[in-house]
Amino acid sequence: MASSSSFTYYCPPSSSPVWSEPLYSLRPEHARERLQDDSVETVTSIEQAKVEEKIQEVFSSYKFNHLVPRLVLQREKHFHYLKRGLRQLTDAYECLDASRPWLCYWILHSLELLDEPIPQIVATDVCQFLELCQSPDGGFGGGPGQYPHLAPTYAAVNALCIIGTEEAYNVINREKLLQYLYSLKQPDGSFLMHVGGEVDVRSAYCAASVASLTNIITPDLFEGTAEWIARCQNWEGGIGGVPGMEAHGGYTFCGLAALVILKKERSLNLKSLLQWVTSRQMRFEGGFQGRCNKLVDGCYSFWQAGLLPLLHRALHAQGDPALSMSHWMFHQQALQEYILMCCQCPAGGLLDKPGKSRDFYHTCYCLSGLSIAQHFGSGAMLHDVVMGVPENVLQPTHPVYNIGPDKVIQATTHFLQKPVPGFEECEDAVTSDPATD
């Protein structure tokens, strides 16, 4: 098994250093970072200018209303928003009926980042609900009785690992899950998202993530997968959904994280990838865009910034002498300022950018990115930078799985005590024809 425990992370110290210098985004000269279109307007430049104007309004309002600007994470408001979401959703969420394990994961992970305990009765209810989402054929669907799909399977396994109880672990049918993964495996090393569905890098990551957490990796399950992911890296340096496609932050994270799990990071051109992802941080806003010439979006606070710890580790293993020993290779302060000033809904929850509505997806990934930006390294290299008040500090998140590092260790330790299901039987079960049995 490609053990995740080799990727060591830490729990934050009782008190983390607080950044005391003037806010980066409120410097008088910061306006010079805005887009210069050289008097040649395009649809892209017009949309970018609109976003920058909204961001500037937020920065100016913050500067006007705070004689001594101090950033505050509205923890209590976010907690109450998340707590309500676990029990009751409005009809606006009907469109996510096929994403219900995702809602469980987004909310539970947000709560663990805020260091809010999950009541036992809630944990049990989540376990029982996710068990209803599990298919008799293996994997999890987007809701009870729905077809299994790798995306909700990833979300369900992560949610159960966050709960981290024997009850939660026992929900996962590992034998059937392995059979399901084999049914999705393609000859070129890629995976379908679901039976009869599409292939892209997300599926390789989801498969590698759940297989490594639950200890069901077999000798041939990921044969050819690293090579297929490497073919998805394009001339830009990032990774597209499939070979030949445009580089995208979500796909790039999935590709690199899958290769970290498989211990095949060197399959990629890491320097080219580093240049691409660091170029995605917006100079004026401080947040990240998902693709070249796209707008800033709070969710990429994780999908893009989460790549930097993975790249740091991979380049460090190669002995790169240019690596910082105290900071990730992006502007951690600017990202924290964007999230805390521009992405918090006054009523709780976080959002894409000013003018957008809050939702649990953006709450999860904005908080995850904020955690990445606050915490650097481990052990002797531990260095935290927390913008604003000391209470803003979040729990760390594991950049491969995006759950707590302690929950990764706990889950892998638990499942390593169990044997890998007999993969020969799994292959036979997948290839057999029920009509002739």
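Residue numbers in this text run from 1 along the chain shown.
Keep in mind that glycine also has a Cβ here, set from the backbone N, Cα and C atoms.
As given in Swiss-Prot:
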type	residues	note
SITE	Trp102	site 'Important for selectivity against geranylgeranyl diphosphate'
REPEAT	123-164	repeat 'PFTB 1'
REPEAT	174-215	repeat 'PFTB 2'
REPEAT	222-263	repeat 'PFTB 3'
REPEAT	270-312	repeat 'PFTB 4'
BINDING	Asp297, Cys299, His362	Zn(2+) binding site
REPEAT	332-374	repeat 'PFTB 5'
MOD_RES	Ser432	phosphoserine
MOD_RES	Thr436	phosphothreonine
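Asp297 (Zn(2+) binding site) sits 19 Å from Trp102 (site 'Important for selectivity against geranylgeranyl diphosphate'), taking the C-alpha atoms as the reference points. Apart from the site residues Asp297, Cys299, His362, the chain places the Cβ of Gly298, Tyr300, Ser301, Leu351, Asp352, Tyr361, Tyr365, Cys366 no farther than 8 Å from the centroid of the site's Cβ atoms, the recorded Zn(2+) location. With a cut-off of 8 Å between CB atoms and residues at least 6 apart in sequence, the same chain places Leu96, Gly142, Ala151, Pro152, Ala155, Tyr361 near Trp102 (site 'Important for selectivity against geranylgeranyl diphosphate'), listed in sequence order. If you look at the repeat 'PFTB 2' (174-215), the same-chain residues 6 or more away from its ends with a CB under 8 A from one of its CBs are 1-4, 135-139, 147-151, 153-154, 157-158, 161, 221-229, 232, 239-242, 250-251, 253-255, 257-258, 261-262, 400-401, 408, 411-412, 415-416, 418, 420-421, 423, 426-427, 429-430.
Here the repeat 'PFTB 4' (270-312) has Cβ contacts under 8 Å with residues 24-25, 30, 33-35, 44, 47-48, 51-52, 55, 233, 236-239, 246-250, 252-253, 256-257, 260, 318, 323, 328-331, 334-335, 337-339, 342-343, 350-353, 361-362, 365-366, 368-370, 372-373, 399-400, 402 of the same chain, all six or more residues outside its ends.
Under DSSP, Cys299 (Zn(2+) binding site) is assigned to coil, being neither helix nor strand in the three-state scheme. Residue counts for the repeat 'PFTB 2' (174-215) by DSSP state, with H, G and I taken as helix and E and B as strand, are 24 helix, 4 strand, 14 coil. Annotation note: Trp102 (site 'Important for selectivity against geranylgeranyl diphosphate') sits in a helical segment as assigned by DSSP. For Cys299 (Zn(2+) binding site), other Cβ atoms within 10 Å of its Cβ number 25. Mean pLDDT, taken over the repeat 'PFTB 5' (332-374), works out to 98 on the 0 to 100 scale. DSSP assigns His362 (Zn(2+) binding site) to a helix in the three-state reduction. The number of other CB atoms found within 10 A of the CB of Asp297 (Zn(2+) binding site), across every protein chain shown, is 25.
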